[in-house]
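If you check TrEMBL, you get these features:
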DOMAIN    39-285  domain 'G-protein coupled receptors family 1 profile'
TRANSMEM  26-48  transmembrane segment
TRANSMEM  60-80  transmembrane segment
TRANSMEM  100-118  transmembrane segment
TRANSMEM  138-156  transmembrane segment
TRANSMEM  191-223  transmembrane segment
TRANSMEM  235-257  transmembrane segment
TRANSMEM  269-287  transmembrane segment
Amino acid sequence: MAKTHNVTEFIFLGLSSNPEVQKVCFVMFLLLYTAIVLGNLLIVLTVMSSRSLGSPMYFFLSYLSFVEICYASTTVPKLISDLLAERKAIPLWGCMSQFFFIHLFGGTEAFLLTVMAYDRYVAICKPLSYTTIMSRQACAFLVGAAWVGAFVHSLVDSLLVFRLPFCGPNVIDHYFCDVLPLLKLACSDTVLIGLLIVANGGTLSVISFVVLLASYVVILLHLRTRSSAGRHKALSTCGAHVTVVTLFFGPCIFIYLRPSTTLSVDKTVAVFYTVITPLLNPVIYSLRNAEVKKAMRRLWVRAMKLEER
């Protein structure tokens, strides 16, 4: 397919065309983005500075929080600035870059959540072999594999979309450059490319989600033999993880595992996996985890002592 880019920029319609609604959304999303960055950054700093959080679970959690900051930063700052702009434009290269990084960080999050489920499976079902299986080298390899897998996934999707000819119109009924809105604007038949993207992105989401669910089914079956105290602690940790998984994969499967058609509800659904999930990640993991809360309090005390000096 010949690469034809007569279009040099795209125009977002955003979440709403009502000026009053836009002002309310500006304040709301500015507060949400600030909470996302500060909350996830707090988890990263807490894990890095606390010796009690040296287990693989917290190692993966710190990386997940870092990815959440990057993931939200690919869309939310642009959304916030556009809410006060009369003309919500993004250059072609900016659109393609945003598309690539959305899928890079989104894919990394999907793989990290799967890795975290595997970590919980080993910790609960094979406790005697846990330190051997989840060694530092193994954890580093799993995180590296998550980044490499996400990079390949994002690169494939980006190459498919970048090869599409965009010759007009250039108005995107969304607040960021995503698959379905871009396919709708292409000046060519996108059925095959749409199927390839669904096979790449949608299948990735479904397979990861199924693997995660299977892991927790095995964990739940194994917990039947545990004491009530051990069962409660394991269920508390797994419950937090399942909540994050559901909030992330549910909307992703809805968006990416269907024919190349856009729906009016797509923008609302996209808010869940680009804003709500990164926001709830630190809340869910910190409020439901006593060790994290204790480490945060110790970090706060140390920070106050340094300030007094």
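Cβ coordinates are placed from backbone N, Cα and C, and glycine is handled just like the others.
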The transmembrane segment (191-223) versus listed stretches 26-48, 60-80, 100-118, 138-156, 269-287: most Cβ pairs under 8 Å: 100-118
Averaged pLDDT score, the domain 'G-protein coupled receptors family 1 profile' (39-285): 84
Long-range environment of the transmembrane segment (138-156) - Cβ separation under 8 angstroms, sequence gap at least 6: 56, 59-60, 63, 100-101, 103-108, 110-112, 115, 118, 200-201, 204
Beyond the flanks of the transmembrane segment (26-48) by 6 or more, those residues with Cβ under 8 Å of it: 58-59, 61-62, 65-66, 68-69, 72-73, 76-77, 79-80, 83-84, 275, 278-279, 281-283, 285-286, 292, 295-296, 299
Beyond the flanks of the transmembrane segment (269-287) by at least 6 residues, Cβ under 8 Å: 15, 29, 32-33, 35-36, 39-40, 42-43, 61, 64-65, 68-69, 71-72, 75-76, 102, 106, 174-176, 178, 240, 243-244, 247-248, 250-252, 254-255, 293, 296
